Amino acid sequence: MTTNTEKYILALDLGTTGNRAILFNSQGASVAQAYKELSQYYPHPGWLEHNAEEIWEDTYAMIKDVFRDTGVSSSNVEAIGLTVQRETCLLWDKTTGKPLHKAIVWQDRRTASLCQELAAKGEAEKIKTRTGLVLDAYFSATKLSWLLDWVKEEKPNLDLKNVLAGTIDTWVLWKLTGGKVHATDHSNASRTMLMNIESLNWDQELLDLFQIPREMMPQIQPSFSIFGKSEPDLLGGSIPIAAVLGDQQAALFAHGCNFPGMSKCTYGTGSFLIANTGNHVTKSQNQLLSTIAWTQLVKGKLQATYALEGAMFTTGACIQWLRDGIKLIDSVAETENLALQVEDTNGVYFVPALSGLGAPHWDMDARGAILGITGGVQRENIIRAVLESIAFQVKEVVDAVNKDSGIPMSHLKVDGGVSQNNFLMQYQANLLGIPVERPAFIDATAQGAAFAAGLTIGLWNNYQKLLSNNKVGQVFEPNKNATKVQESFVVWQKAVSRAKNWIN
């Protein structure tokens, strides 16, 4: 029997609708992967929860599956890169290792009223100045506050000194290291609405505002650093966890967007357009978020790379709703052909505000809507309208980025599961009037985490050489339909105005 001497990097990509483990070889190529769909819990309208135990159990099972399928052991794996859905958070008991409540997901709207109370007290501007974020239920702070109130009421005898808080990266790190490491990185911490974007530390005034004890919060580390090692008994050996990133930041890194002005858009559960703004915070005048792309130690000094982001909450989620909610389709993949069976939407416009509206509207009270229905409208028209709405949202954010930067975007790099829809990508190119570039390997999130971990550990020492292995899969150029598509955008904006402020 021959011994496998190849060296690998393991990427863990823990998303909103599913979790994935991908093994990359020493050339930076994907050689194996495992995937598990994640259960979604909707206890009340506008609420969404995940079972953190399921996330951990799936993570562990996927690692085992990848090792079994490839014959690779922990001794072959140089490092683990971890990337996660952001903002989703939980509390757990460090004594038992059990979550105290299901994790509250980033799409969850239960704390909208708390945000409105804080806005009425004039706290929104302070929060934006300190964190770069708008005051919204999207971020972790109000979710952690709600969870703490629930624990105090439902478990009054629990000693809060035993309670730990964290986003999904923190939870999985804690489990991977056998409870030895309670940490996060700056890219994930910057999405909690509790980290000061200038000092790069927890902001005590904001912790006090949301009544969250600092000792519950994880230590913040550079994104590209050694967070600890996996517990030997778990994986048959200790593997360094050498990078932790938010999912959108990991995708930005995979695309090679390491210079100011470079950007990408991920089409996943939501759509997220991020533009690198360099080593200084750029404040948006157009309702974009100022956030951390990643951090690293350079000659012993902490260096932050900042970004502007437009977060759109509902992309794959509205296609999933077509399948699971109203059962108009049997599979996500068939939406492309169904949309192409009709010339247009027959006057139908869809507003994808199933979890409110994100950038650039930031309307927690908006709700989804289908407008323009007449007797001649068919299933295919509605499906096409849903896909078109995804492109319309992205155009709003691209327009905002262009205004903030003063430099029109020349092309758009894309990734994520929904970017496989050729109809949508062509429609997006027509709408923006610029080429849309999709890589051959679309799991950019996992790839970015792998690249970061391999560079941190020294398996690779040339980022640009790694990127040169990335092949362009397809470029969608604007075609003769561009003018008609852009006219539809104006009508869609009218539909959005009808759906805004719906429940207030």
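Backbone N, Cα and C atoms are what each Cβ position is placed from, and that goes for glycine too.
Residues annotated as ATP binding site in Swiss-Prot, with sequence analysis given as evidence: Thr16, Thr17, Thr269, Gly316, Gln320, Gly417. Under DSSP, Thr269 (ATP binding site) is assigned to coil, being neither helix nor strand in the three-state scheme. Other Cβ atoms within 10 Å of the Cβ of Thr269 (ATP binding site), summed over all protein chains shown, number 27.
Classification of Asp247 (sn-glycerol 3-phosphate binding site) by DSSP places it within a helix. What Swiss-Prot lists as sn-glycerol 3-phosphate binding site is Thr16, Arg86, Glu87, Tyr138, Asp247, and the listing cites sequence analysis.
The Cβ of Gly316 (ATP binding site) lies under 8 Å from the Cβ of Thr17, Tyr267, Gly268, Thr269, Gly270, Val332, Gly416, Gly417, Val418, each of these being in the same chain and 6 or more residues away along the sequence. Taken from Swiss-Prot, the feature ADP binding site applies to Thr16, Arg20, Thr269, Gly316, Gly417, Asn421, supported by sequence analysis.
Sequence annotations record features per position, and here Swiss-Prot assigns glycerol binding site to Arg86, Glu87, Tyr138, Asp247, Gln248. Counted within 10 Å of its Cβ, the other Cβ atoms near Tyr138 (sn-glycerol 3-phosphate binding site) come to 29, all protein chains included. Mapped onto three states, the DSSP output places Tyr138 (sn-glycerol 3-phosphate binding site) in coil.
Considering only the binding-site residues Thr16, Arg20, Gln248, Gln320, the residues lying within 10 A of Arg86 (sn-glycerol 3-phosphate binding site) on a C-alpha to C-alpha basis are Thr16, Gln248. In the three-state DSSP reading, Gly316 (ATP binding site) counts as helix. Put simply, Asp247 is the one of the binding-site residues Glu87, Asp247, Gln320 whose Cα lies nearest to the Cα of Arg20 (ADP binding site). Cα distances from Gln320 (ATP binding site) to the binding-site residues Tyr138, Gln248, Asn421 are smallest for Asn421. Each of the binding-site residues Arg20, Arg86 was scored by other CB atoms within 10 A of its CB, and the lowest score goes to Arg20. The Cβ of Asp247 (sn-glycerol 3-phosphate binding site) has Asp13, Gly15, Thr83, Val84, Gln85, Arg86, Thr266, Gly268, Thr445 as same-chain neighbours under 8 Å, each 6 or more residues away in sequence. For the binding-site residues shown (Thr16, Gln248, Gln320, Asn421), fewest C-beta neighbours within 10 angstroms: Gln320.
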